[in-house]
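The structure under discussion appears below in the form of C-alpha cells.
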C-alpha cells in the first residue's frame, strides 16, 4: 500500500511540476515574442512545444530538423536565459524533432524528414535542357569570363571565394540560361552529392505564393535553404514584388551563412535592376559579376558550325557566314534561323544554297535590318541620360552633356551606315574629327567603365 501511495504521490508531484513548467513556458513565449518581434517569433519560435523538464534539462520540440537547427544557432541562448530567470535549477535547454500532432511521441524523425525533403525536392527545380552543357557552349571574347566562372563553380565542391554569388547578366538569348543548365548538368553527371535547385525567378515567386496560401511556408523555407547550390534565372522578374523580395533576401542570406553557392542571372547588372531593393542589389554584387556581351561575327559563326556538326549535316560555309553576318540579335534567333533553313531543305528536298537561305529567311532578315536613324539614336540617348534633345546639337561642353553626346555619336557609327561627316553634321555641324574622337573615347572607356558599358549595351538592345 505504501508503495502504491508513494507512486501516486510521485505522479501527482510530476504532474504539478509539468503544469508549473507549462506556465513558465507560456511566460517565456510572451517574452520571446516581445524581444524578437512578430516576424521572427511567428516564423520560428511560435512552433516550439514544451515537452518536459528532467533534472533541470528542459526539452522542447520543433516540427522539422531545419527549424530545430536554426533555433539552436540563433535563439537558444535567449531561451535558456529566460528559463533560468524563472527557474535557477535549469541547466540546459534542448530541442528534439517531433510531429506536433502527437507531442507525446518523443522520437527523432531526422531520417524520415530527410527523405521527405528529398521526395519534395524535384518540384523546386525547372527542367534542364539536355543540350545546354559546357561541351555545347561556344566560347568567345563576349562570354569567356562568364564561361570560365560558371565552369569553376561547377567543378568546385565548395563555394568559390570572390564568386559567391556568381551573377551572370546580358541580353536575351546570349547564353545565361545555357551556362546555368551547364553547371547543373556537370554536377549531376559527376555523381556529386551536392543538391541543386535551378528555377526562374517567376517560379520562385509562384512557389512562395503557393506556400503562403497553403500555410506551408516553413516547408518552403526548409526546402530552399537545404540545397547546396541555388540558381535563380531572370531575377529581374521579382522587381516590385515586395513580399517575394523579402523572402528571396532571407533565403540568400541563409544560404550564404551556410556557405552554400548561389548563381543568379538577369538581363542587366545588379545596380541597374529597377524596382529591386537596394539591400538585394548590394548582395547580388558581393561576388563575381560577369556580363555576356553581344555576340561577334566570329562567335556566331562558331555557334553555327558547332550546331551543324552536332546535326550531322553539310551546309556550305558561305551560307553559315551569311547567317552569322545578318542575324545579330541573339543566339536563340540565330539557331532558329538555321533550323528553319534545314527543315525547309529536308521537307522540300532541295539543297541549301545562299539564294535558298536568303529566300527562306527573307522576313527574318528584314526584321534584323530595321532602319536605325541618327534622329532615333539622339532621341533615345537623350531620354536615357535625362537631357534635352537640343543638347545633342549644342556647343555646351558640360560633362553631363558631353558624355551622352559622345555615346550617341558612338552608337551612330556602330548602328548606321552613315559616314563620319554625315554623323558630325547631325550633331550641330561638328566635323568628322570630332566624331572620331568621340568614338575612340567611348571605346576606351568601355574597357574600364563597367557602368558605361552596361548602359551602351542596354541602349543598343533598345535601338535594335
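The backbone N, Cα and C atoms fix where each Cβ goes, and this holds for glycine too.
Database features (Swiss-Prot):
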{"type": "REGION", "residues": "1-90", "note": "region 'Domain I, interacts with DnaA modulators'"}
{"type": "REGION", "residues": "90-126", "note": "region 'Domain II'"}
{"type": "REGION", "residues": "127-345", "note": "region 'Domain III, AAA+ region'"}
{"type": "BINDING", "residues": "173, 175, 176, 177", "note": "ATP binding site"}
{"type": "REGION", "residues": "346-464", "note": "region 'Domain IV, binds dsDNA'"}
Ten-angstrom check, please: count other Cβ atoms within 10 Å of the Cβ of residue 177 (ATP binding site), all chains counted. 21
Listed in sequence order, residues with CB under 8 A of residue 176 (ATP binding site) and six or more positions away: 146, 168, 169, 170, 233, 265, 292
Residue, out of the binding-site residues 173, 175, whose Cβ gathers the largest set of other Cβ atoms within 10 Å: 175
For ATP, what surrounds 173, 175, 176, 177 with a Cβ no more than 8 Å from their Cβ centroid? 170, 172, 174, 178, 179, 265, 292, 331, 332
DSSP helix/strand/coil residue counts for the region 'Domain IV, binds dsDNA' (346-464): 85 helix, 0 strand, 34 coil
